[in-house]
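**Q** After the structure tokens below, expect a handful of questions from me.
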Amino acid sequence: GFQQLMNNKEQENDWDRDLLLDPAWEKQQRKTFTAWCNSHLRKAGTQIENIEEDFRDGLKLMLLLEVISGERLPKPERGKMRVHKINNVNKALDYIASKGVKLVSIGAEEIVDGNAKMTLGMIWTIILRFAIQDISVEETSAKEGLLLWCQRKTAPYKNVNVQNFHISWKDGLAFNALIHRHRPELIDYDKLRKDDPLTNLNNAFEVAEKYLDIPKMMDAEDIVNTARPDEKAIMTYVSSFYHAFSGAQKAETAANRICKVLAVNQENEHLMEDYEKLASDLLEWIRRTIPWLENRAPEKTMAEMQQKLEDFRGYRRVHKPPKVQEKCQLEINFNTLQTKLRLSNRPAFMPSEGRMVSDINGSWHNLEGAEKGYEEWMLNEIRRLERLDHLAEKFRQKATIHESWTDGKEAMLTQKDYETASLSEVKALLRKHEAFESDLAAHQDRVEQIAAIAQELNELDYYDSPSVNARCQKICEQWDALGSLTQSRRESLERTEKQLESIDELYLEYAKRAAPFNNWMEGAMEDLQDMFIVHNIEEIQGLITAHEQFKSTLPEANKEREAIQAIQAEVQKIAQYNGIKLSGGNPYTTITPKSIDDKWHKVEQLVPQRDRALQEELAKQQSNDHLRRKFATQANIVGPWIQTKMEEIGRISIEMNGTLEDQLVNLREYEQSIIEYKPNIDQLEGDHQLIQEALIFDNSYTAYTMEHLRVGWEQLLTTIARTINEIENQILTRDAKGISQEQLHEYRTSFNHFDKDHSGALMAEEFKACLISLGYDVENNKAGDAEFARIMGIVDPNNSGAVTFQAFIDFMSRETTDTDTADQVIASFKILAADKNFITAEELRRELPPDQAEYCIARMAPYSGPDAKPGALDYMSFSTALYGESDL
């Protein structure tokens, strides 16, 4: 079917290519095809020498087809004429066609005429049909099947990679690998080198011809010297290897079947042997283990019995589990073996006598019975020994606790620590000794318990009784010794206590008087060294007076010091007389006689130092007071002068005497007089710097500070400058709006009238009253409030809540002068724009000065009316925006 059609198509393509056959390929095909034909013709006792000449009469061609197909062809014609030859060749071609091969471009005449390319093409068709087409490997056939067979057979050879039927075979390793895979004894493959293709190819061809009956079909030199060996020649040669080894493959399959059967038998026999050995080993282990589990020899000590129990636990934990696993595996192997024997039609397995599964289960049952009895016996024996060990351990524990408690007690009771102790320490030692006596009595019960346990262990014949008895005797003897030492120490402590009580009373009196005197001296030293900060003469004089009062108390303090030292001298006298070792100090105080004398000498040194420091500070405060008075004298002059000038400027700005120009001249003269006062401010700054350098922070001689005066001076200069600026702006407004001097005077009069607080600005309510007086309808109703809000938006755009005189003038002049300014500007722009609704940049630059023209161009929006043209600018919205009548 489909595969046949594809094969035919391949043949057609091959024949087309044959018309342009490479000379090297043609040479390879001649040799290969000739050798292939002779490998079959020799079976009929003949061969060919020249492939295009020897097939011309058709006789050997028909013979070749009969040999390779095993079928009879029609009887050939033996005549010598051309027609006879053509008929014979046609019979051969018809036979090829009958095998499903479509012959294209191959005619009998060309074969008879000895056309080499046509003859080679015909032989290739025969090889393809009878030697290659029937090859089948893993669902692939023909060329692909042959390639896959080569790949499978050469797969184990890492230096062989068969991907085609040309260059993959050039190094000769693939030919050798095919032979070695099937007949490894014929080739020493490991000695072959990839870089020696001639040797490799010749080796394979010679071995194949000598041992495999495959004639040499190609020359090694032709393959090596050709860039791409002829594919048809290689395929023909390789197909001979395939057919040579296909018979060996059938023998291999038969051998595999025999091996499979034998393997089953061998595996079964191996399983039988494994079972017998495993069963024998397991039964032997059970035989050795049961006597150990049946041993009931008792042990003397708990430790030895515990070791037996530990050995048993090791048996349970380590030795038995693998045997349980072996027993289970034995049963599994037995069942598996029986199943395999049954499936392979073999007789059932019968283990040797005594090794049946039932025999093993019986022995195992006996093992577990012995194991249970052994465990019960060990537990009972352990409980028995546990009772005896418990008494011994109890004895050791109580003896250890007692010995630990008595350790060091004899040394403690024999020490002479009270000989150098103070009274409080002796009393403490007595209390500690009383506590020890109570503790000693409490331990009496434990000593009796230790003796009772030792007696019981003796009665029970404990194996280690001698050591127990020796330890018990030592404890009892030590106990008696501790009782005697305790009584002796008590007597010594009580005697020492009485001797120290008389000295203690003197110590107490010393402590009661030394503490307040020491505190007085420490306070005095702290006061004498205390840093002081004063700000005036009164404060330093107060400190001097207090210091003089302190000095008057020193003689009385010295008498108290001498009395305290006399008490300590009395203590030393009593101690020497009674032979008492005063190892410690006064228990009631840490204040020593030496520390009292040291502090007293320190006070005596600090008094004159304090005198000098107070006198130095007095001189400093007197100097500071002089600086305060000097600054205050000047500040009390400058401060009122600044205040007066501020009030005068306020009156000048309200009164409006003369014309605005006259007011401006007067104000500038007034400003000059203020500036000329500057040296007085500079002198005050110099005085203030001296005060700051002296770190003086207050001045009771004046209410003025330099900061206030500095701010007042700067405010005065700012106010006169602002007042002058307001007059200048009023002049500008008057001239720009055409307001007469009389109108301006009238505005100022109205403004001043309603400026009740003379602040120079009208608050909102003051401004509303002013508007009502001028006839504006801003009464407290909805319409009036709206109108007032509109006016406030004009005069107070920043929402400050106040209306300046300048804003008042601007509003009044706007209300009384021409308000069509924006319309006039629009009309002017319309003239420049030749009566158009827009204007161009060229027109602006032509009619206006350069600065004004560029100013308009930069700020005019593009005109967007229906008559707009490129570059048109909107002068109307620009004009309206100039007077604040647009959002632009």
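Glycine too: its Cβ is placed from the backbone N, Cα and C atoms.
According to TrEMBL, the protein has these features:
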type	residues	note
DOMAIN	27-131	domain 'Calponin-homology (CH)'
DOMAIN	140-246	domain 'Calponin-homology (CH)'
COILED	426-460	coiled coil
DOMAIN	742-777	domain 'EF-hand'
DOMAIN	783-818	domain 'EF-hand'
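How about a rundown of where these features are and what they're close to?
**A** Note on the domain 'Calponin-homology (CH)' (27-131): mean pLDDT across this stretch is 90.
Listed as Cβ neighbours of the coiled coil (426-460) (distance under 8 Å, sequence separation of 6 or more from its ends, same chain) are residues 388, 391-392, 394-395, 398-399, 401-402, 405, 417-418, 468-469, 471-472, 475-476, 479, 482-483, 486, 489-490, 493-494, 496-497, 500.
When DSSP labels each residue, the domain 'EF-hand' (742-777) comes out as 23 helix, 3 strand, 10 coil, counted as helix, strand and coil in that order.
Broken down by DSSP into helix, strand and coil, the domain 'EF-hand' (783-818) contains 25 helix, 3 strand, 8 coil.
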**Q** State the non-local partners of the domain 'EF-hand' (783-818) in its own chain: residues 6+ outside its ends, Cβ under 8 Å from one of its Cβ atoms.
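**A** Result: 726, 729-730, 733, 737-739, 743-744, 747-748, 751, 759-764, 767-768, 770-771, 776-777, 824.
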**Q** DSSP says what for the domain 'Calponin-homology (CH)' (27-131): how many helix, strand, coil residues?
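**A** Summed by class, the stretch gives 71 helix, 0 strand, 34 coil.
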